[in-house]
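Everything on this sheet refers to the single structure shown next.
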Amino acid sequence: MSASASTAADFVRFALDEGVLRFGSFKVKSGRISPYFFNAGLFNSGRSVGALAGFYAQALVDSGVAFDMLFGPAYKGIPLATATSVALAGHAAMAGRDVPFAFNRKEAKDHGEGGTLVGAPLTGKVVIIDDVITAGTSVRESVEIIRAAGAEPAAVLIALDRMERAGPDDALSPHSAVQDVARTYGIPVVSIASLADIMTLLQDDAQFAEHRAAVQAYRSKYGV
């Protein structure tokens, strides 16, 4: 499930402008050589994170998913949940709703408030927010935390769906990591944009035409 076409297109342009999305030849975590690379860690200033949060908020509103709060898994999800909560508070479609958020620590504190959870109590329908889904480990841990607190995972919200099958080349999964998460936990995965939106840019903008064939070949081999 992706955001609206206009939101997705604007986000792809934004990611390119920020140097977060690049074309070339990159060895990614899976060991594959990818013709594009998306590094959300390069959203690292107040301006860029503020704009990113606006895209997350719009994608969540576009999705129509019913939710009560946000959860950001440590560590990357922490600033994403925080900033997106702020963006939602100012979103016209939210009608003044003040969306709470929480996140976890990797290690429990034994002083102060203690425990592994920080922020609002986990209650109601909770949206997990992260940058991408690679192996689904972060989502699994988040679902366990949310359910243990008596709350309900409502959706996973990510920046980019790579639409890519997992596994070695001689034993590729028929599903992507995003599809596996949706099937395993019975919840939608909402992305601001996807590889399909990147391909649309490559097809429509002559500036990036030189990368079109490589990305299409990669998608044909590994895509879903």
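Just so you know, glycine gets a Cβ as well, placed from its N, Cα and C.
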Note = In Swiss-Prot, orotate binding by Phe37, Phe38, Thr134 extends, among Arg97, Arg105, Arg162, Arg165, to Arg162
Message = If I take the alpha carbons of Lys106 (5-phospho-alpha-D-ribose 1-diphosphate binding site) and Thr134 (orotate binding site), what is the distance between them in whole Å?
response = 19
Ask   = Taking the Cβ of Thr137 (5-phospho-alpha-D-ribose 1-diphosphate binding site) as the centre, how many other Cβ atoms fall within a 10 Å radius?
value = 11
Neighbour-count leader, CB within 10 A, binding-site residues: Lys29, Lys76, Lys106, Arg162 = Arg162
Query = Considering only the binding-site residues Lys76, Ile133, Ala135, Thr137, which fall within 10 Å of Phe38 (orotate binding site) when distances are taken between Cα atoms?
reply = none
